[in-house]
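Have a look at the structure below, then the notes.
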């Protein structure tokens with residue numbers, strides 16, 4: 001009925017029909033044909049593989065020839081079988097690619113795969129290969145250079161969020177860098193000298209990022225806020241007390257310091273006075289705890305570096321006698337672990353750091369070595385790398401965020417070679433990568449886990465930041481995309497003003513004044529009138545000595561040395577009272593008035609002649 005209506009409508013409108021009729025397909029027949037073709041091709045593939053195995057067993061030395069002959073035979077057999085099948089059934093679809101026919105030994109069911117298709121198993125294998133290669137995780141494709149100064153950058157610190165970088169050096173300066181606020185000019189937004197003329201040894205942000213620990217060459221560590229303003233300063237101990245446990249603070253130069261990873265108010269410092277002390281930000285008057293490293297003989301040794309474990313339970317210190325000593329944070333008397341011969345005695349161990357896992361300890365020694373230790377088996381090192389020159393007492397080493405790599409820098413003499421940043425595999429301890437940084441020593445290195453960027457401090461005053469645009473986050477990527485701000489040009493005058501020379505004050509001639517007024521003015525001037533200086537009343541001043549007696553001390557000095565000698569005749573002074581004593585006796589005369597009324601005086605005899613029998617040494621010398 002519908003067909004008749006369509007034909008009548010088409011005839012009325014003047015054309016033969018509304019279009020071609022839709023073709024119909026027999027899906028079952030097509031599926032059966034495809035299945036048959038797939039089975040036949042699978043058989044051909046199996047036959048070709050069996051022939052290849054037979055040929056390879058006969059001639060095992062030649063590996064390339066059987067595969068090519070096998071492919072030729074496969075093609076030939078495929079063409080012959082295809083010619084035989086073409087007489088019976090028609091092949092539907094394109095032939096399978098050679099990689100599919102040669103790789104899959106199972107029965108192929110379904111239509112052929114495209115030539116560029118890769119199985120999911122192959123993709124997983126490639127991903128595993130990429131994961132096994134740690135070199136690809138090193139973010140060093142791009143770099144920026146921050147000019148700190150001209151002297152060694154001896155301290156680096158990056159806050160936990162990665163927004164601000166702080167650098168310190170041998171020039172006593174501490175510079176603050178804000179990645180979000182910097183442009184392509186890469187200028188620091190603040191520079192200061194918190195410890196005056198002392199070299200900066202260490203800088204570190206707290207785990208909250210609100211304060212910075214500054215350790216310099218003096219004996220008092222400082223804590224600054226994010227903008228560089230002082231928060232607290234540790235007290236200095238009494239250097240005349242022998243027992244360092246009884247002093248309230250350090251008495252000698254500091255060597256290092258760091259924050260507690262869990263407690264935001266606690267930090268630690270080590271010093272040349274032979275102690276490691278813990279402090280609380282809220283109490284600057286006295287240290288919180290003290291640890292005293294000892295040598296084999298029980299004598300105090302100097303700790304050159306110190307650090308906390310990742311969980312904050314242990315405190316580790318590298319000492320000048322080559323030992324590494326680890327204490328439990330709650331027990332300061334005896335060490336928990338120690339290794340006496342970790343490094344060469346007499347050298348400064350420049351860095352001690354824990355891995356993110358917490359069981360592996362890495363040490364950078366002054367004996368040009370880098371070692372890793374398992375604190376559970378602390379007698380012998382896990383791995384040792386030697387020949388890494390170290391000229392600085394703060395040369396760093398640090399772990400990558402995934403604990404697969406260990407990085408450190410090398411020192412070079414001026415003008416001889418380039419300083420390098422070396423990457424070691426933690427397991428095999430093979431050097432797998434290196435970066436030539438600059439023509440100076442590499443002192444500090446820092447790999448931030450959130451930014452995935454590497455910061456390096458060098459011996460020529462540079463701080464370099466290495467990053468990868470694809471793998472790194474924020475940090476240096478924020479400032480390199482900003483254009484450098486143009487300097488503001490001085491505003492020019494839109495209209496030129498003509499100024500007469502004599503209108504300016506410097507060209508004006510002074511007006512003539514009367515002589516009388518000038519004389520009166522000179523008379524009031526004590527210098528021009530030669531006025532004599534008035535006498536000084538009271539104590540002296542201005543280099544002039546005051547009058548005597550102005551003060552109590554001067555009055556005493558004036559009167560204490562007076563000449564009090566009596567020039568009067570003593571005999572006349574006594575005889576003045578003779579008449580009164582004779583008429584009114586009071587002391588001696590009444591006692592002798594009855595027994596001896598008349599006074600009897602001693603008779604004056606002439607000098608007796610000296611006997612001649614006396615020895616010469618007894619005779620009086622006249």
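Even glycines carry a Cβ here, placed using N, Cα and C.
As annotated by Swiss-Prot, compositional bias 'Basic and acidic residues' applies to 36-55 (among others).
As annotated by Swiss-Prot, compositional bias 'Low complexity' applies to 67-84.
The compositional bias 'Acidic residues' annotation in Swiss-Prot covers 120-132 (among others).
The compositional bias 'Basic and acidic residues' annotation in Swiss-Prot covers 508-533 (among others).
The compositional bias 'Gly residues' annotation in Swiss-Prot covers 539-549.
Look at Swiss-Prot and you will find 604-614 (among others) tagged as compositional bias 'Acidic residues'.
What Swiss-Prot records for 36-141 (among others) is region 'Disordered'.
What Swiss-Prot lists as region 'Disordered' is 508-549 (among others).
Annotation comment: Swiss-Prot describes 602-622 (among others) as region 'Disordered'.
Listed as Cβ neighbours of the repeat 'WD 1' (148-187) (distance under 8 Å, sequence separation of 6 or more from its ends, same chain) are residues 193-205, 207-209, 212, 214-216, 226-228, 392, 394, 441, 443-446, 448, 450-451, 453, 455, 457-463, 465, 473-476, 478-480, 482-485. Residues or ranges marked as repeat 'WD 1' in Swiss-Prot: 148-187.
Positions annotated as repeat 'WD 2' by Swiss-Prot: 195-236. Residue counts for the repeat 'WD 2' (195-236) by DSSP state, with H, G and I taken as helix and E and B as strand, are 0 helix, 20 strand, 22 coil.
Feature annotation from Swiss-Prot assigns repeat 'WD 3' to 249-289. Sequence-distant neighbours of the repeat 'WD 3' (249-289) (same chain, 6+ residues past either end, Cβ-Cβ under 8 Å): 201-202, 204-208, 211, 213, 215-221, 223, 231-239, 300-312, 315, 317, 329, 332, 393-394.
The repeat 'WD 4' annotation in Swiss-Prot covers 298-337. Helix first, then strand, then coil: DSSP counts for the repeat 'WD 4' (298-337) stand at 0 helix, 20 strand, 20 coil.
Within the chain, the repeat 'WD 5' (344-383) has long-range Cβ neighbours (under 8 A, six or more residues past its boundaries) at 304-311, 314, 316-322, 324, 326, 337-338, 389-390, 392-399, 401-403, 406, 408, 424, 426, 429, 449. What Swiss-Prot lists as repeat 'WD 5' is 344-383.
The repeat 'WD 6' annotation in Swiss-Prot covers 387-434.
The repeat 'WD 7' annotation in Swiss-Prot covers 437-476. Note: the repeat 'WD 7' (437-476) comprises 1 helix, 21 strand, 18 coil (DSSP; helix = H, G, I, strand = E, B).
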TODO: Using DSSP, break the repeat 'WD 1' (148-187) down into helix, strand and coil residues and give each count.
DONE: 0 helix, 17 strand, 23 coil
Open item on the list: Need one number: mean pLDDT over the repeat 'WD 3' (249-289).
Closed with: 93
Task: For the compositional bias 'Basic and acidic residues' (508-533), residues assigned helix / strand / coil by DSSP - done: 10 helix, 0 strand, 16 coil
TODO: Count the residues of the compositional bias 'Basic and acidic residues' (36-55) that DSSP assigns to helix (H, G, I), to strand (E, B) and to coil, and report the three numbers in that order.
DONE: 20 helix, 0 strand, 0 coil
